[in-house]
Amino acid sequence: MTERSFVAIKPDGVERKLTGEIIKRIEQKGFKMVAMKFIKPSQELAEEHYGEHKEKPFYKGLVEFITSGPVVAMVWEGKDVIATIRKMVGVTDPLKSDPGTIRGDFGISIGRNIIHASDKLESAKKEISLWFSQDELVEYTPTLDKWIYEN
Ligand code: GDP
Ligand code: MG
């Protein structure tokens, strides 16, 4: 099976009506959506998702922020999808993100950087199983794939 990445549009991205724009970019790149849900994350889910940052000074605010409103949680599949979506997202600080990236085009503050995307295979696996159950991951073969992949 090809690689999968977990992507979430954070509450600021949803409030700012960037959901369609972000999905459009990933879809038009050629990646395949495998799952999507619109949820207000629980405290427990948020703490687990950002567990690696538990000791950081911004952790409490980050968890408060991510639980403050609805999030669009998604799984995307495709060749090199993890590294490629990270490039499309831009670096963590939107003021340092290149123009053309999601954070570079739409954000200013590090604590309001619009989107989360898995950074490596191991985190993608962990995040996908944290946010989605196995039966929410939809299996299908897009007919357009032969126009996106050479083989
Ligand atoms: P990401 O993988 O690019 O999202 O960045 P990290 O995994 O390093 O951090 C997770 C999230 O914590 C980031 O997307 C930011 O929203 C937030 N964050 C990271 N560093 C800082 C910081 O220095 N200050 C604040 N306020 N938030 C931060
Ligand atoms: Mg990260």
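One-based numbering along the chain as shown.
Glycine residues also receive a Cβ, built from the backbone N, Cα and C atoms like all the rest.
Positions annotated as domain 'Nucleoside diphosphate kinase-like' by TrEMBL: 2-139.
Other C-beta atoms found within 10 angstroms of the C-beta of THR92 (ATP binding site) number 10, with every protein chain shown included. Among the features that TrEMBL reports, ATP binding site is placed at LYS10, PHE58, ARG86, THR92, ARG103, ASN113.
Per TrEMBL, active site, pros-phosphohistidine intermediate is recorded for HIS116. The local packing around HIS116 (active site, pros-phosphohistidine intermediate), expressed as other Cβ atoms within 10 Å of its Cβ over all shown chains, amounts to 19. DSSP assigns HIS116 (active site, pros-phosphohistidine intermediate) to a strand in the three-state reduction.
Each residue contributes its Cα atom, and for LYS10 (ATP binding site) and HIS116 (active site, pros-phosphohistidine intermediate) these two points are 7 Å apart. Using a 10 Å radius centred on the Cβ of ASN113 (ATP binding site) and all shown protein chains, the other Cβ atoms total 23. Overall, the recorded ATP-binding residues LYS10, PHE58, ARG86, THR92, ARG103, ASN113 cover a maximum inter-Cα distance of 21 Å.
Counted within 10 Å of its Cβ, the other Cβ atoms near ARG86 (ATP binding site) come to 17, all protein chains included.
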